[in-house]
Amino acid sequence: MTTVCPFAKAGRPDDAAVKKCPENQSKSKCPFGYDSATSAAGNESKPEQESGESARVTPKCPFGYDSDTFKLGPFSCMICQALLFDCSKCIPCSHVYCKVCILRLKDCPLCGADIEKIEPDTDLQNVVDRFIEGHARIKRSQVNEDKEEVVGQKKTVIYEDVSLERGSFLVQQALRAFRANNLESAKSRLSLCADDIREQLQRIGNTAELCSQLGAVLGMLGDCCRASGDAASAITYFDESVVFLSKVPKDDLEVTHTLSVSLNKIGDLKYYDGDLQAARSYYFRALDVRRDAIKRHSSIPSQILDIAISLAKVADVDRNLGNEDAAIGGFQEAIKSLESLTLSSEEIVQQQKRLSVLEFLNNQLMNKPSQ
Ligand SMILES: [Zn+2]
Ligand SMILES: [Zn+2]
């Protein structure tokens, strides 16, 4: 997954925030800023919403699933280190793991016993599912909005929706499962997260925050499908991700970066599928988003690199489509922008990327097709 974090509000928009999120980076970032230092501060500074309530309880997970010091609990799989998915019990030792996790092994990683067979543990899975369903939702009494509540009147108990915390939690679980290649588990958590956000969108409308969160989560779902070889579903998710990210004001650098990456991913999938015209159109849209972003901000190195990569992608398709003049023009424009880019000695990663893209571009110019 190469999703960037559009929610790390503290350091944005600045060079450092974007530098952390280069394209093709293997480490994924939580769209809720869960994995950044800013998340803790964000949670703490969450404003008290209801004045009619004297003491609001901050929901805390008894298993530590909502803290940075995440601990593996009775509902975790010791292999993927995420919450159990498709719980499966080893026979004879009775240790429990996710099905896809334990199917890859011959011995139980906890006790070393030979696994004779694996049985589904639906009871435990039900408990885990209920735990996920209830996670980060606390019951509270409904506060009467017109403040004319009669003392002693029977109060309706509703669930406090703190889905931001639940969103962080689900994304955290999904990222763990994704890294361990338990893609179905990751998809299941992300789908739940997307449903939560959609529910909120229905209630309070298309806010920039919800749209960028949903766009990021849908992008991760696309990554899961792409990793499992399901290109068609991946394109559907990336397309939808683009729809929601496009609703966010264009002055958010991280969101525009995520948007352009989603467009490029669709372009790549179309490209590998042999649909070069479609690939070009998506690559070109990404280039357009990046050019627009650079117009709105004083350009920073990562943006210039992004534009050069976009130019290279469009030019590469142009060449394959037989538009050699356009291809040469694109490669040359990319080279020119990279050659004029000056980087400080601290920007080592950027410098390496700059040099490798330059090398690629120069090779493209030298190795003209024979026709
Ligand atoms: Zn597992
Ligand atoms: Zn065992």
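Cβ atoms here come from the backbone N, Cα and C positions, even for glycine.
Curation plays no part in TrEMBL annotations; they are all automatic predictions.
Summarising the annotation, TrEMBL assigns region 'Disordered' to 13-56.
Summarising the annotation, TrEMBL assigns compositional bias 'Basic and acidic residues' to 13-22.
The list of residues near the domain 'RING-type' (77-111) in space but at least 6 beyond its ends in sequence, with Cβ under 8 angstroms from a Cβ of it, reads 65, 117-122, 124-125, 128, 131-132, 173-174, 176-177, 179-182, 184-185, 188-189. The domain 'RING-type' annotation in TrEMBL covers 77-111.
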DSSP-assigned states of the domain 'RING-type' (77-111) in counts, ordered helix, strand, coil: 5 helix, 10 strand, 20 coil
Integer mean pLDDT for the domain 'RING-type' (77-111): 94
